[in-house]
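Working notes for the structure below.
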Amino acid sequence: MTLVSPPPQLAMTVSIQKPQNTHSNEFFTSSLVTEGSAFKAVHVDGSVDYIDRKALGGNKRKLPDKYFRKPQFIAVLVAQCLSTVCAYMCWLVPTNTLDIIATDLNSESDILWVPVIWMIGTGVGILLFGRLSDIFGRRWFVMATTAAGIFGCILASTAKNTSTIVAGSAFVGVAAAGQFATNATLGELVANRQRGPVLALIYAVSIPFAVFGPVVARSLSDGSVQGWRWIYYLGIMLNGIALVLYYFFYYPPSFKQLHVGKSRAQQLKEVDWVGICLFVMGSSLFLVGISFGGVTYPWSSAAVLCPLILGIVVFIAFVIYETAFCRVPQIMPPKMFKSIPFVALIVSSTFSTMVFSAVTILWPAIIRYLYTKNTIEIGWQSCTVGGGNILGLLASCFAITYLPNVKLQVIVFSALTLIFVSALSSLSAQHWASTIAFGLIGCATVGYVENVAIIGTSLFWEAQDIGLAIGVLGSIKAFGGSIAQIIYYNVWKTSLARNLPKYVVPAAVNAGLPPNSADELLLNMTGSPTAVPGADANVMAAAVPAFVRAVEESLRVIFYVSIPFSVILWLSACFFPDFRPLLTDIVARKLQTRDDRHDAEAQLKRDNFELG
């Protein structure tokens, strides 16, 4: 934050003090201010605002006594923990029980829209949430996304057809956009050096669903068909509690404090409405097209090509408009991408997600086809993915604050990711322990890198752009994750289609299967192969090991494909910024009481500022 003289209309009422503890380097600058009446804040897009002194936290040692132990702050922390739990719960559990939901609703044709629409809501929503809440204040955006979560859970829990649960998933996805933006919502309210430990607490609270979500999902599948609805019932309750806590206790800086001397009408005119429309349309169309390509429809079908091509065209128009024609502060300022260290943060986080996607997509198939068919055992062994990831997230939260040389940490853990995720290409049915070990360590290392990049992104730009930075990161990660998932799925599908006839058919025919039953056997290998004419015990004794080998060979190809992503991850780590100098005791924004904020706004009004 930079201090300069106020504009003429503010000169009579604004006192400007010099900043304290100023830090700067070639990557970023940060001015830590604790005194004065209004301060000039220059955004990354070049726009300027004046911020009320009372909106700033300053050095945590100068905050009111026991500021972080007061019931108000604890209530906000609890609300954020509940929100994050809901985000994980209402995503992981339904995704793992789509077949159960489809059976209950008597419809399988549209059920794949549930994860797709969630992803669109989250990937598009997080940029809008971050950018707009930076501008207009976070309070009402946080409550609006929480309310969207409640409404989405109500729709989904009462759904009698897939259209209703898809609509519910759209609202739940939009809610997750705000719920996952913890570094903006809560990060700005704590000291920079405490962002990691506070985030660790939120991750720890999320463990029941972030780690054990597959077990919960599989337990539901072994119980009542209606059991999946209880996830949404619980989401209604937890989101409801969070909304109440936010309403009574969450009072971050208001619009009037963030824009001294500016009205809401003025600010609305400066919003990049054209950019928002282009971004939403382009992103949504692209994600729909790429999600269905090769999964629901062939790549050559109009259902895939139309939204995919239109999405790319609209997104190109978005980039051109933002770069050359936009005359207001852009929704995604191109200037941000001129910073190589910031791009390194984005690339590291995005490619860590892309590498992680290889494990998350394939792990259920690995466990089911190579090791066990027991539903509950599949759920428990699937916890390796979430457990390893959470382990890496928790470790990085504390390492950032208490261990030296963040850049070296990221380089080392990126190299470990390359080693252990690539090592999964050696998986086989005879090596269960090594597969679990490589998967656990690989997920932990990739989670470590991803979280360091997320926290680094929240520190890289000044506090007035923290939501924008998190939003840009989240949206690009959504795109990268979607692209990686569809690549892995199509490679898996293609490899399996090639390897099953290569290994299963010769083995089965040599064991006595009639050649004209070979195609039917391939179609039923994961269902009821013994119902195939001629598939007796001798045939199955030969076909099953051949099937396992075909699956092994197909799975290995996926991890070969992930190697270039891991290499790019490691290379981006070499350009990582060292943001440890910014891990200070400075609190970007102050959590206020309702009365405090009202008094601050009244004081600004008495000073004759033109306010919205």
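Backbone N, Cα and C atoms are what each Cβ position is placed from, and that goes for glycine too.
Automatic, uncurated: that is what TrEMBL annotation is.
These figures come from a predicted structure and were not determined experimentally.
What TrEMBL records for this protein:
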type: DOMAIN; residues: 75-518; note: domain 'Major facilitator superfamily (MFS) profile'
type: TRANSMEM; residues: 73-91; note: transmembrane segment
type: TRANSMEM; residues: 141-159; note: transmembrane segment
type: TRANSMEM; residues: 198-218; note: transmembrane segment
type: TRANSMEM; residues: 230-250; note: transmembrane segment
type: TRANSMEM; residues: 271-293; note: transmembrane segment
type: TRANSMEM; residues: 299-321; note: transmembrane segment
type: TRANSMEM; residues: 342-366; note: transmembrane segment
type: TRANSMEM; residues: 378-403; note: transmembrane segment
type: TRANSMEM; residues: 410-429; note: transmembrane segment
type: TRANSMEM; residues: 435-461; note: transmembrane segment
type: TRANSMEM; residues: 468-491; note: transmembrane segment
type: TRANSMEM; residues: 557-576; note: transmembrane segment
_Tertiary contacts of the transmembrane segment (230-250) (same chain, 6+ residues out, Cβ under 8 Å)_ = 71-72, 75-76, 78-80, 82-83, 85-86, 89-90, 93-94, 139, 142-143, 146-147, 149-150, 152-154, 156-157, 168, 172, 175, 216, 220, 591
*Any contact, the transmembrane segment (73-91) to the transmembrane segment (468-491), with at least 3 Cβ pairs under 8 A*: no
*Do you know the mean pLDDT across the domain 'Major facilitator superfamily (MFS) profile' (75-518)?*
89
_Remote residues contacting the transmembrane segment (468-491) - C-beta distance under 8 A, at least 6 residues beyond either end_ = 44, 119, 122-124, 126-131, 134, 177, 180-181, 183-184, 283, 286-287, 290-291, 293-295, 332-333, 336, 342, 345-346, 349-351, 353-355, 357-358, 361-362, 453-454, 457-458, 460-461, 557-558, 561-562, 565
*asked:* At a C-beta cut-off of under 8 Å, are there same-chain residues at least 6 beyond the transmembrane segment (198-218) that contact it? List them, or none.
replied: 77, 80-81, 84-85, 88-89, 92-93, 95-97, 182-183, 186-187, 190, 231, 364, 375-376, 378-380, 382-383, 386-387, 389-390, 393-394, 397-398, 451, 455
_Counting CB pairs under 8 Å, which listed stretch among 271-293, 410-429, 435-461 touches the transmembrane segment (342-366) the most?_
435-461
